[in-house]
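Pulled from Swiss-Prot, these are the features on record:
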BINDING   30-37, 147-150, I176, 184-187  ATP binding site
ACT_SITE  H37  active site, proton donor
BINDING   Q61  beta-alanine binding site
BINDING   Q61, Q153  (R)-pantoate binding site
Amino acid sequence: MQIITDPIQMQAIAEKLRLNRQLIGVVMTMGALHEGHLSLIKEARKIAGTIILTIFVNPRQFAPHEDFHRYPRPFEQDAAHAKAAEVDYVFAPPVDAMYTGNFQTTVHPGPLGEQFEGKQRPGHFSGVATIVTKLLQITRPHIAVFGEKDAQQLAVIKQLVKDLNIDVRIIEAPIIRDENGLAVSSRNIYLSAKERDAATVLYKGLCHAERRIAEPCLDLDAIVPEVENIIKSALSCHPEYICFVDDETFLPASKAEKGKTYRLLLAVQAGTVRLIDNRKFMV
């Protein structure tokens with residue numbers, strides 16, 4: 001495994017791999033690797049012969065009041081995990097290598113990036129879209145694997161690749177959960193034992209929605225307050241948004257139609273930690 005920090009060097013390696021007809025898969029992370037990230041690497045390995053793991057805590061997707069400076073950066077541990085997962089290249093550039101002093105260009109994802117997470121975190125998806133575009137240009141992958149955990153991010157990236165005619169196939173990987181149903185996340189380390197226990201209401205809410213839709217209940221608006229009550233049953237959990245969307249368009253959905261797929265999106269403040277989760281439903 002090679003660790004590369006220079007974007008120009010990484011791009012040259014990727015171009016050489018392509019010339020040698022190597023199928024490249026990329027997994028983009030901000031480090032603090034966990035089982036969810038490792039599952040993305042496994043998915044990439046099913047298709048690609050060469051795996052590039054990117055580790056970059058992107059300042060442009062954090063608001064000034066968010067946790068950029070305290071975001072975990074255990075690089076040596078991450079490198080060990082990457083090596084054990086048989087990653088071929090770790091691309092871990094410094095911030096000034098990705099955003100030079102006169103850097104001016106930003107990729108704006110449009111309305112898709114302005115709702116839900118985009119509304120709660122203005123500018124977040126512009127930062128995501130910009131860094132994903134740059135990393136795709138640098139690593140030159142044939143496939144890129146992203147987790148369903150960040151469902152709106154996945155939708156933004158799919159739209160970006162389509163709109164900008166970027167020659168890469170986006171692969172979705174399922175959410176990895178712990179034994180209590182909590183979706184694994186690098187930010188889970190911020191949770192106290194009490195907050196972690198309380199946060200299981202997110203999964204309980206998603207499971208309740210699944211049961212209701214299976215009945216079938218096609219009135220999605222009727223399910224939302226039921227899920228809200230489940231989440232609020234944990235006194236430390238405060239919902240920011242609970243919304244069903246059409247999984248194809250990502251537009252809010254009030255009534256379900258048979259044969260279509262929907263996704264329930266959750267954002268919850270669990271004590272001091274903000275958590276997001278979601279589940280997909282076929283009606």
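Each Cβ is built from the backbone N, Cα and C atoms, and glycine gets one as well.
Projection of Swiss-Prot feature records onto the structure.
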{"residue": "M30", "record": "ATP binding site", "CB count, 10 Å": "20"}
{"residue": "L33", "record": "ATP binding site", "CB count, 10 Å": "24"}
{"residue": "G36", "record": "ATP binding site", "CB count, 10 Å": "20"}
{"residue": "H37", "record": "active site, proton donor", "CB count, 10 Å": "27"}
{"residue": "Q61", "record": "beta-alanine binding site", "CB count, 10 Å": "21"}
{"residue": "E148", "record": "ATP binding site", "CB count, 10 Å": "18"}
{"residue": "Q153", "record": "(R)-pantoate binding site", "CB count, 10 Å": "23"}
{"residue": "I176", "record": "ATP binding site", "CB count, 10 Å": "18"}
{"residue": "S186", "record": "ATP binding site", "CB count, 10 Å": "18"}
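Among the binding-site residues listed (G36, E148, S186), S186 has its Cα nearest to the Cα of the residue listed as 'beta-alanine binding site'. A Cα-Cα distance of 15 Å separates G36 (ATP binding site) from Q153 ((R)-pantoate binding site).
Across the fold, the C-alpha of Q153 ((R)-pantoate binding site) and the C-alpha of the residue listed as 'active site, proton donor' stand 15 Å from each other.
Each residue contributes its Cα atom, and for M30 (ATP binding site) and H37 (active site, proton donor) those atoms are 10 Å apart.
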